[in-house]
Amino acid sequence: MEIRGLSAILVLSLALTALFSVSVVAEEGEKVLSLDHSNFSEVVGKNDFIVVEFYAPWCGHCTALAPEYEEAALVLSSHDPPIVLAKVDAYEEANRGLATEFQIQGFPTIKILREGGKNIQEYKGPREADGIVDYLKNQVGPPSSAIKSREDAESLIDEKNIFVAGVFPKFAGEEFENFTALAEKLRSDYDFGHTLDAKLLPRGEPVEKPTLRLLKPFDELFVDFQDFQVAAMEKFLKEASIPTVTIFDNNPINHPYVHKFFDNPNAKASLFVNFSKELDSFQSTYKDIAKQSKEKGIVFLLGDLEASDGVFQYYGLEQDQAPLLLIKKPDGQKYLKANIEPAQIAPWLNDYLNGLVKPFIRSEPVPEVNDEPVKVVVTDSLQDMVFNSGKIVLLEFYAPWCGHCTKLAPVLDEVAVFFANDPDIMIAKIDATANDIPSGTFEVQGYPTMYFRSANGDLKQCEGKRTKEDIIDFIQKNRDKSLRMNYEEALPPMRASRSFPQ
């Protein structure tokens, strides 16, 4: 799974009494509204601007965000117009449809919904109360601010952040209209301003025709672009707003660029070193290589070991492997070179580009003893135990920290005991946080996720109730017909029960 990590608010166009009439819940003294599948569409549909946090009760990041989110909601409730924060428990079974609809792949995720939900944007602002307040106040104003003086420019443009300026001979015409449409579409990603005079901007020369000027605190500091088709401008901003080398450390100024790096669809090269001891010896070499590799579909990050504990844990790496260069391809395959030296980066990267480096596949050790009712599968045993066993397999992808997985564990034990005397069926589990999952075979976006493989090789995801009876019913109804007859003769009939969708 990708490093992920980001959540939610409403601007009320109704009175609170109207909101409560559609069962919106807010505890006394709380300003964050609780939405669910029963009231979500109606509330969203009645608001021109609504931002909703999708969270999971077991998520530590969600717990950390909660008090900041509540404090921001209290402040924003007095804004004109009021801005109301809401939340949805996206892990609640009844709300899973909402999580799917809004493509929730990590927690917490905050979405900004405009025009009754017709326009959906990611919230990409801070996670502390003051930052949430400032960010959302900007989101309800005009998408682009007029720059009529140097004072306007100084108040709007932060030299430490990216700023997108449109320079026009007049605030009308197709170019200006397209710029405004771009600003509305990408306002959660960038700050926008428009001016009649490029000399008011802190960087760049005067221009004679409509120009999009990207001001940034890295690399060449500004770039001009003059194709005012919305798609072309969007592509330009996406590519030009990523540093040649993204710095990943504990400085919050760099964090937005880190998010952009991990969201980028290209292959990602990440070099992790000890900044206090090794930065000088690696930085210039690595940046030169990154510049030379711009056309090779790779983006580059330089990470400080001090800030990279989570990354190393996620990939199952050890810090004594640093200096470490890791490349992750869009299909999920990973390649790494541990204890790399500056002079080795270019030749190793060249070997990777020429297909001479073997992928790194993370797997727990194959268990020496595997005699529990629910069998343990790891990446290195997945082929033999699941795909080549000839058995019917129910495989659970779980996370050790997942509360829902903990609740499901004894149920799967009971199911496994029920089928213990059936040599054709195996109930198994794999720790998806410690083993690489083959891309294109399984789609695991939350825990627990269960897949069923029939004896003839058909693979399908299991969704529905997760009681012992329902899971057994599902296996009975989906096992191969050639085996089902003997199975049904051997086992006593089960009580009628609602099965998983087929």
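Counting starts with 1 at the first residue shown.
Glycine is no exception: its Cβ is also placed from the backbone N, Cα and C atoms.
Because TrEMBL annotations are produced automatically, they should be read as predictions rather than curated entries.
For reference, TrEMBL has these:
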type: DISULFID; residues: Cys59-Cys62; note: disulfide bond
type: DISULFID; residues: Cys402-Cys405; note: disulfide bond
type: DOMAIN; residues: 13-141; note: domain 'Thioredoxin'
type: DOMAIN; residues: 352-480; note: domain 'Thioredoxin'
type: SIGNAL; residues: 1-26; note: signal peptide
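In sequence order, Glu396, Tyr398, Ala399, Tyr447, Pro448 are the residues of the chain that are 6 or more apart from Cys405 (disulfide bond) and have a CB within less than 8 Å of its CB. For the domain 'Thioredoxin' (13-141), the DSSP-based tally of helix, strand and coil residues reads 51 helix, 28 strand, 50 coil.
A gap of 9 Å separates the Cα atoms of Cys402 (disulfide bond) and Cys59 (disulfide bond). DSSP labels the residues of the domain 'Thioredoxin' (352-480) in these numbers: 38 helix, 26 strand, 65 coil.
Most Cβ neighbours within 10 Å among the disulfide-bonded residues Cys59, Cys62, Cys402: this distinction goes to Cys62. Mean per-residue pLDDT, taken over the domain 'Thioredoxin' (13-141), amounts to 84.
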